[in-house]
Amino acid sequence: MNIIVLAIVSVAVIALVCSVMLVIASNVMAVKEDPLFPAVRECLPGANCGACGYAGCDGYAKALAAGTDKRTTLCVPGGADCAQALAGVLGLEAGAVEKRVAIVFCGGDCTRTEARMDYQGAHSCAAAKLLFGGAGACAFGCLGNGDCVAVCPENAITIDKGVAVVNRDLCIGCGLCERSCPNHVIGVRPMSQKVFDRCSNPNRGKAVMDVCKAGCIGCTKCSKVCPEGAITMDHSLAQVNPTKCTACGTCVASCPTHCMSFAEPGMAPAPAKAERAEEKSAAAQ
Amino acid sequence: MDVKHLLFIILGAVFVNNYVLQRFLGICPFLGVSKKLDQASGMSIAVVFVMLLATAVTWPIQHFLLDPNGMGYLQTIVFILVIAALVQLVEIVLKRYIPALYKSLGIYLPLITTNCAVLGVTVLNITEKYSFGESMANSFGSGLGFFLAMVLFAGIRARTENCEAPESFKGLPITLTAAAILAASFSGFAGVVETLFGA
């Protein structure tokens, strides 16, 4: 009897000591959370993509709640709605948010370029890149093994004929694909930019033509024909200034390798009269 | 109790009596958290930390409270109670004073509360009749052994996930087979440490 009582009492005393210790500790050392934090966190989409520059949505919400960051427009996936909601919660003025989407700077699909080897390794661009710079003839183009497809949280990327294609409606512009691409073929650009030089090969002329029929040969023709002066040459690749570009399509029509192209096929302006006449005669033949 | 003796205990706990691969304790986190290397190492560091703390608390309880009063049979329940309370306390303290460490260990600490490797090391310290210093060395070695097993197995799993296993072997079967081979290879260490120290 005595033994049972002793056992019960000693275990109870140990448990009591432990619980008192825990109660005191949790009261004394409680971490006070900012009351704004849950409200701010509620506004964010919770994708934890890191496009805002913070480590996940929690990090951004913490900075906003603490007042160390007053920019409510950093959330790319949330867009304008999110910025508005955040501004409402924090009592700040919302700025304009421009939607950004990923663009694939490579047009070298399997009909335009050829493989140097029959790659049978791991199905990953990073792995393929390690093997003599990838299986494709062009060492700068899309490797087509879908590392970007794997990281995309919105399933906005598909591989079509060996080149990644971004669905601009689904893309949230988080930039995960940009960071996953070993050849840096994908970039996140403003939605308003409509014309792109779809090539990442920095070589010139014959060196590009030898490996890909769709590559930019750096002929500078587009920069000369552009009526707005929106195109500049960065070494041998054309860069379009989205604020000057009116998407008139002059450069697209003039490009000898058709690497200057619209982001979406539907963006092309109505063809000029002369072209229409040509099309008619072609149709008649 | 010289340094050589402590080193003998530590190396013995890491290689010969590895808690996961030879004593088969703590198999749940060994299979559950070993999918990624960073998670595996985070969990293991937390285990080393808790094993040392738990031993530092349970050894005096056994020798100054339970044994003198003839209550050795209460060992298991008291140890579980004390370890659980201790881990909770550590969590609170870490959250308050070292938030960065709390963030990296935080999610693993509650998991360790009921880890049988932690209870196992504290109980075995008593049954092996180790002194306090020897117990701490054994706990540290056991934690390191857990770390070693987790890191090795995380590497192995990274390979088995990518390999083309036969359909019936995919998933858990190949993982368990790999764990068995790893455990078998660790039994090759038996006797090595004893010979090394001439014990």
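Cβ atoms are placed via backbone N, Cα and C, with glycine included.
The annotation region 'Hydrophobic' is assigned in TrEMBL to A:1-26. Regional average pLDDT for the region 'Hydrophobic' (A:1-26) in the model is 88.
Per TrEMBL, the feature domain '4Fe-4S' maps to A:32-92.
Per TrEMBL, the feature [4Fe-4S] cluster 1 binding site maps to A:Cys49, A:Cys52, A:Cys57, A:Cys75. A:Cys57 ([4Fe-4S] cluster 1 binding site) carries a helical DSSP state (H, G or I). For A:Cys57 ([4Fe-4S] cluster 1 binding site), applying a Cβ distance below 8 Å and a minimum sequence separation of six or more within one chain yields A:Arg41, A:Leu44, A:Pro45, A:Gly46, A:Ala47, A:Asn48.
Cβ neighbours within 10 Å of A:Cys142 ([4Fe-4S] cluster 2 binding site), excluding its own Cβ and spanning all shown chains: 28. The [4Fe-4S] cluster 2 binding site feature in TrEMBL is assigned to A:Cys138, A:Cys142, A:Cys148, A:Cys181.
DSSP assigns A:Cys174 ([4Fe-4S] cluster 3 binding site) to coil, not to a helix or a strand. A:Cys174 ([4Fe-4S] cluster 3 binding site): 25 other CB atoms within 10 A of its CB, across all protein chains. The feature [4Fe-4S] cluster 3 binding site is assigned by TrEMBL to A:Cys152, A:Cys171, A:Cys174, A:Cys177.
The domain '4Fe-4S ferredoxin-type' annotation in TrEMBL covers A:162-191 (among others).
If you look at the domain '4Fe-4S ferredoxin-type' (A:205-234), the same-chain residues 6 or more away from its ends with a CB under 8 A from one of its CBs are 107-109, 112-114, 136-138, 141, 197-199, 240-241, 244-246, 248, 250-251, 254-260. As annotated by TrEMBL, domain '4Fe-4S ferredoxin-type' applies to A:205-234 (among others).
Residues annotated as domain '4Fe-4S ferredoxin-type' in TrEMBL: A:236-265 (among others).
In the structure as shown, the Cβ atom of A:Cys148 ([4Fe-4S] cluster 2 binding site) sits within 10 Å of 26 other Cβ atoms. Distance between Cα atoms for A:Cys148 ([4Fe-4S] cluster 2 binding site) and A:Cys174 ([4Fe-4S] cluster 3 binding site): 12 Å, as a whole number. For the pair A:Cys138 ([4Fe-4S] cluster 2 binding site) and A:Cys49 ([4Fe-4S] cluster 1 binding site), the Cα-Cα distance reads 31 Å.
In space, A:Cys49 is the closest of the binding-site residues A:Cys49, A:Cys52, A:Cys75, A:Cys142 to A:Cys152 ([4Fe-4S] cluster 3 binding site), judged by Cα positions. Within 8 Å of the Cβ centroid of the [4Fe-4S] cluster 3 site, not counting the listed residues A:Cys152, A:Cys171, A:Cys174, A:Cys177, the chain contributes A:Ala102, A:Cys148, A:Val151, A:Pro153, A:Glu154, A:Ala156, A:Ile157, A:Val166, A:Ile172, A:Gly173, A:Gly175, A:Leu176, A:Glu178. Long-range contacts of the domain '4Fe-4S ferredoxin-type' (A:162-191) within the same chain, counting only residues at least 6 positions beyond its ends with a Cβ under 8 Å from a Cβ of the stretch, are 47, 49-51, 76-77, 79, 98-110, 125-126, 129, 134, 136, 139-144, 146-156, 200, 242, 263-264. DSSP assigns A:Cys142 ([4Fe-4S] cluster 2 binding site) to coil in the three-state reduction, outside any helix or strand.
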